[in-house]
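Single-structure report; data block below.
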Amino acid sequence: MVRAPCWLLLLLPPVLCVSETALEPCEVDDEDFRCFCNFTDPEPEWSSAFQCVSAVEVEIHGGGRSLEQFLKGADTDPKQYADMVKALRLRRLTVASAQVPAVLVAAFLRALGYSRLKELTLQDLEVTGATPPPPREATGPALSTLSLRNVSWATGGAWLTELQQWLKPGLKVLNIAQAHSLAFSCAQLSTFPALTTLDLSDNPRLGERGLTAALCPHKFPALQALVLRNAGIETPNGVCLAMAVAGVQPHHLDLSHNSLRATAPGAPGCVWPKTLNSINLSFAGLEQVPKGLPARLSVLDLRCNKLNREPRPEELPKVSNLTLDGNPFLDPEGFNYQEDPMKSGVVPACAHSALAVGMSGTLVVFQRVGGFT
Ligand SMILES: *[C@@H]1O[C@H](CO)[C@@H](O)[C@H](O)[C@H]1NC(C)=O
Ligand SMILES: *[C@@H]1O[C@H](CO)[C@@H](O)[C@H](O)[C@H]1NC(C)=O
Ligand SMILES: *[C@@H]1O[C@H](CO)[C@@H](O)[C@H](O)[C@H]1NC(C)=O
Ligand SMILES: *[C@@H]1O[C@H](CO)[C@@H](O)[C@H](O)[C@H]1NC(C)=O
């Protein structure tokens, strides 16, 4: 960031007049839209965060340190500074790389209840200690999107229930990647009445059993998309069974970037939800089309599998939009050359590192639902 001449700083609160040599942890763009802070310095200049006060998108990295020092004042009644929080333009916030006491998380969400924050991302956080008792009414922010990646909680499987108590209902998109526990305490969990997208991608140890534990029955009545990229899924049939137990009826199911295999002979059959009209089975190492898919689909994506011959009509559901690109029977080289708009060059469409592509794929989904693009 270009530093303002010091005489200009005379017009500003003295707290902003930091020494010339100190590396500025926060940077805000010229439009005051995006503000990024990285507090890795052993003695970070926390006050630099004031620069973000009028930004719409704020990303704060804590350098892995403990934020315990901010506990002082965590019990202040947020009504005292409600007007200030209400005035913030903040819509998207990312908090990453820190150890945070659960009490602080709760205080923080309570304060954000006065803000117009829509999207919250928590990443690489270790949440320590017990959560304070829940508020009497939902006081937190009215988020539309909540994303967590690699967040651990001292309270194990109860974490989602506790976090939920600090949010107003109305959450539409929930992304949970690299979770430490997805075995939720379903009896305590409240319904997510408006949740349309549940994305549990990048949980390679989840599998069908883990999915059954995570999909608390009847808690996701509005679900439209279930996204399970790189989630240790083995068969579409297993996912069908988990969905039936949970009573979810999505329109779209994404099982891409899993190592799928054919359903074992004698495995229990399953009735797919009638609503389901789109299944993504791309990058799944399939040598044949799995049996027992829904009889009729609008979209079936079988891109980048290992199909050695064209599937016969009786092996496929009735599909209006079928993608088979990147299968060996279509291009024996295993590469399907196409323009990549990002790199403006010719790249193989089916990369061989399923995991790496899975990770970036999740980012794409997140950006799409988050309205970044
Ligand atoms: C923060 O700064 C540290 C040290 O300069 C660097 O290693 C790290 O990658 C930075 N983090 C981000 C997210 O930019
Ligand atoms: C997950 O977060 C912890 C901090 O809570 C960090 O130490 C670790 O490196 C992160 N893991 C990954 C894979 O990023
Ligand atoms: C299926 O998933 C792949 C990779 O995860 C993605 O690139 C593709 O756009 C998806 N297809 C559909 C039809 O959504
Ligand atoms: C097929 O489905 C994909 C993903 O939903 C969509 O982007 C594409 O436009 C569809 N193609 C046709 C021909 O309908």
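Cβ coordinates are placed from backbone N, Cα and C, and glycine is handled just like the others.
Reviewing Cys6, Cys37, the cysteine that TrEMBL connects to Cys26 via a disulfide bond turns out to be Cys37. Listed in TrEMBL as the disulfide partner of Cys240, from the options Cys186, Cys270, is Cys270.
Reviewing Cys216, Cys304, the cysteine that TrEMBL connects to Cys186 via a disulfide bond turns out to be Cys216.
Long-range Cβ neighbours of Cys240 (disulfide bond) (same chain, at least 6 residues apart, Cβ-Cβ under 8 Å): Cys270, Val271, Trp272, Gly292. When the disulfide-bonded residues Cys52, Cys186, Cys216 are ranked by how far their Cα is from the Cα of Cys37 (disulfide bond), Cys52 comes first.
Neighbour counts of Cβ atoms within 10 Å were taken for the disulfide-bonded residues Cys35, Cys52, Cys186, Cys216; the minimum is at Cys186.
Rounded to a whole number, the C-alpha distance linking Cys26 (disulfide bond) with Cys35 (disulfide bond) is 7 angstrom. In this view, Cys26 (disulfide bond) is surrounded by 23 other Cβ atoms within 10 Å of its Cβ, with every protein chain counted. Cα of Cys186 (disulfide bond) to Cα of Cys35 (disulfide bond): a span of 38 Å. Here Cys216 (disulfide bond) is positioned 38 angstrom away from Cys52 (disulfide bond), judged by their C-alpha atoms.
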